[in-house]
């Protein structure tokens, strides 16, 4: 007996199996030589000579499936409605089916079919069509081709060794629900492929849209070229034939050769899409057009091939439509880089419009090598130095404070302007730079400024200036320092020491009036005063003060009798004994004609006091910050009415810094020399520059000059060296 592959287990009851076995035994003819052998096989299945694969068959099998057709009795045609095909083994790839009689009878065509009776004639569609061992094919005539065309279909196993015929319950894909999904099992329909196709489309109809290779030239066209090329074949298969090729063969046991089986194999099955799932090319639904276009005939055949064989496909079912760029990546990168470069250039231009021109901030230091600066309009320079400009220096109405004042706890008690931190960007001008001056035309194009205070240079890079001088600004070193030129000399100076002149004003230097001290005044300190500024004079209670001039009604300028300390102080701290007498002169400062005899000895060493830049408008009505919080009684003595007493600034008597020898004061006093004044060091001082003098406590120092910044110039008797040192480190002997 031939080997049957893939026969599944049955779910029928044992009672039905027993009835089927009894009916199968009754179907055997008495004259059949195989009847006795068949009975023995049924009675002793373990000792039968069946194929080993047939031993231990499921109990749901009946002998109708194994008895040749010419030995079977007729079975009523009504049993055809009770045969329901069921897929076993989880839907194996061989697509083999097991037929059983369900327990509750199903309704077929509106009426319940009768129970199968073994005494009735069997339907020829239910017995096997392949010959058994030793048997010959039946020579019975073939029925008409259309007799069972709608009642059965063929299914082949994978090894192509045999064929089986089964009953078909539904035509096409069978009934569907309201959404279009098939209801009947796939094994009970006439077109399982169409059934599977419809089932797949209904399950995946909401799947994400697949990316297709759309043509950019024709936007309304949504069907790809590959899908449109397959449409003629789809349209040509809309008219399905009434029966499939080869289904009209009779069941008279013809021999199946391998060539015929291969031509009718499911692997070579011609894909025929269902007419219910197709639409005209111009009426493709929006939600299904991409799925229809992607799953072509070849894709479906390959997908079903993989489903039946379980093998991996050689190529993807649907080509992954990788979106290719319209242009090469190099072109896109170059375009993006050009766009970024354009944006960067735009931002840089916007920044350049908001910032000053680099020619202003990076002008050459040499005046003769500035062609770009000469060609700049004065309007731009004036706008750069407006008070509301972000680069405009801060102009104070009073003399600027010292940048640093040492704390009481350590370091030098007072170093004055020696503590200035000069900008590192300004290099020392050479002699050629200081000696070279631009032309008058160049000076007019530069911005001019007038000095508000005297400025004494402390390093070669600085420029010594006096109040009222005109200086031409070359550039701004930083927010605190400017670089400019005065009388051919180039250097830096503080920005808050100058006042920038308007463009329409002619730069003309203003010299302060010169006063001659006719008679020095006299005062006695009633309270101890400690100055907070360089120009302020500190004294103790009871010290006598020589008055030089009256700055205004609240401030006096004077010096401590017997010392070289000089400065301004509030009038409320002293008792005025005698007001100083001054005289305005145009020829320069002169010594008093008849000085006080009590102060002659002291005036000899201080005949020309250092200049202190004091503006009466700056000091009027102002007190020291530290003194403002110190309560003291106001005992201001009314000054005596004198015509020589002035409320205007006093004389500004200045002279250049002293050298190592006594300095001749010039033609105004040709016979006057500065005498040395002995001082004693009160504190130890370590020099910080080469021109400074080392002091130890108790050293004797001969002071030659007292500078306006609080520093003294003299010679140490211990080291016999000449230099400068802070004046508050020493005291007069």
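Each residue, glycine too, has its Cβ placed from N, Cα and C.
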Of 357, 437, 594, which one does Swiss-Prot label phosphoserine?
594
Per Swiss-Prot, the phosphoserine among 29, 402, 412 is 412
Can you dig through Swiss-Prot and tell me which residue of 389, 459 is labelled phosphoserine?
459
Pick from 92-128, 129-165, 166-202: which range does Swiss-Prot record as region 'Disordered'?
129-165
Reported mean pLDDT - the region 'Binds to SOS' (674-733)
87
What are the DSSP helix, strand and coil residue counts for the domain 'SH3 1' (444-503)?
5 helix, 30 strand, 25 coil
